[in-house]
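A.B. asks: According to Swiss-Prot, the protein has these features:
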BINDING   ARG43  L-glutamate binding site
BINDING   ALA77, SER78, TRP103, THR153, ASP173, GLN196, ASN238, THR239  pyridoxal 5'-phosphate binding site
MOD_RES   LYS197  N6-(pyridoxal phosphate)lysine
Amino acid sequence: MSKRAFNFCAGPAALPDAVLQRAQAEMLDWRGKGLSVMEMSHRSDDYVAIAEKAEQDLRDLLSVPSNYKVLFLQGGASQQFAEIPLNLLPENGTADYIETGIWSKKAIEEARRFGNVNVAATAKPYDYLAIPGQNEWNLTKNAAYVHYASNETIGGLQFDWVPQTGDVPLVVDMSSDILSRPIDVSQFGLIYAGAQKNIGPSGLVVVIVREDLLGHARSSCPTMLDYKVSADNGSMYNTPATYSWYLSGLVFEWLKEQGGVEAMEQRNRAKKDRLYGFIDRSEFYTNPISVNARSWMNVPFRLADERLDKAFLAGADARGLLNLKGHRSVGGMRASIYNALGLEAVEALVGYMAEFEKEHG
């Protein structure tokens, strides 16, 4: 097998080699059963065991309290932009949203289709380079919920604190930083995360929802989008994304073997410190994000001369450093350094960046 490249894609993102090797070994014959997980009935005892173990491992990793349901759903995080208000926003109610970038803005735009949305705070006055402190927020009394994105993958902003909303349920899009460090699940009413960054392959979204928030869906809510229906049917009201669920379970096993989210926090801190440290010491590369809002997972950076961007990307590709091009809406470069990428990937990137700077700086 040729050497594996370092994949810095924002999503679908790198998966651990050990997980892919395990899936490869089990592809044609899962544990002597003579068939692939792809071919299993989702109602079979074997597949139900796979699904239940994946859920339990995720519960263990995040210390999910017993009064929360863990759902493995379809449609990705973007479908949750509609599913959340359909389940949690009464027709005459108001939901508060915090806008810190493109993904939280998309959530706001979708929620407005279903009811009243109050944008309680926005990072726009800071040019999306910093997150407004909660003392700047204009929260609605008795809001149905407060929604925010803990990490903006495109802009590279991340909350390093959890908003305090009292009795109002806190809803968070953790698509790009879930499992990257410990969290207190009990601080949230609902957590959702598209799988294709830190959980597994695309086609799946994980929802962790407090039980008291179930059963309030609008009468017009499609059955497939009703959290209570999903919870009552073990996320199997219809055929789930079985292989994505299975692969996510392998990732959870790998995370536990690595020492859990506590070990991931140490690993991720070392990676982001190395990369941001190099950028800050350089006179050729820049990252403009406020230091206390810098993402641990998605590191955008620019070259001193954007005319060199194509040469930089070509050289990176030639060295097996893939998918470093920034999002089309912001340009520049972006290195996504999720759990599956180790420090050696960041060291390889920094080495190339130093070499390129020496040649072109």
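Note: Cβ is positioned from N, Cα and C throughout, glycine not excepted.
A quick note: this is a predicted structure, and the numbers were derived from the prediction, not measured.
Set these features in their place in the structure for me.
C.D. replies: In three-state terms derived from DSSP, ARG43 (L-glutamate binding site) belongs to neither a helical nor a strand segment and is classed as coil. Long-range Cβ contacts of ARG43 (L-glutamate binding site) within its own chain (separation 6+, distance under 8 Å): MET236.
Residue density at GLN196 (pyridoxal 5'-phosphate binding site): 24 other Cβ atoms are found within 10 A of its Cβ, drawing on all protein chains shown.
In sequence order, ALA10, GLY11, ALA13, THR153, SER175, SER176, MET297, SER336, TYR338 constitute the residues six or more apart from LYS197 (N6-(pyridoxal phosphate)lysine) in its chain with CB-CB distances below 8 Å. When secondary structure is read from DSSP and collapsed to three states, LYS197 (N6-(pyridoxal phosphate)lysine) falls in the coil class.
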A.B. asks: In the three-state scheme derived from DSSP, which category covers SER78 (pyridoxal 5'-phosphate binding site)?
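C.D. replies: SER78 (pyridoxal 5'-phosphate binding site) sits in a helix per DSSP.
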A.B. asks: Across the record's pyridoxal 5'-phosphate-binding residues ALA77, SER78, TRP103, THR153, ASP173, GLN196, ASN238, THR239, the largest CA-CA distance in angstrom?
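C.D. replies: Binding-site diameter by Cα atoms for pyridoxal 5'-phosphate: 31 Å.
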A.B. asks: Per 10 Å Cβ neighbour count, which of the binding-site residues SER78, THR153, ASN238, THR239 ranks highest?
C.D. replies: THR153
A.B. asks: Through the lens of DSSP with three states only, how would you label THR153 (pyridoxal 5'-phosphate binding site)?
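C.D. replies: DSSP assigns THR153 (pyridoxal 5'-phosphate binding site) to coil.
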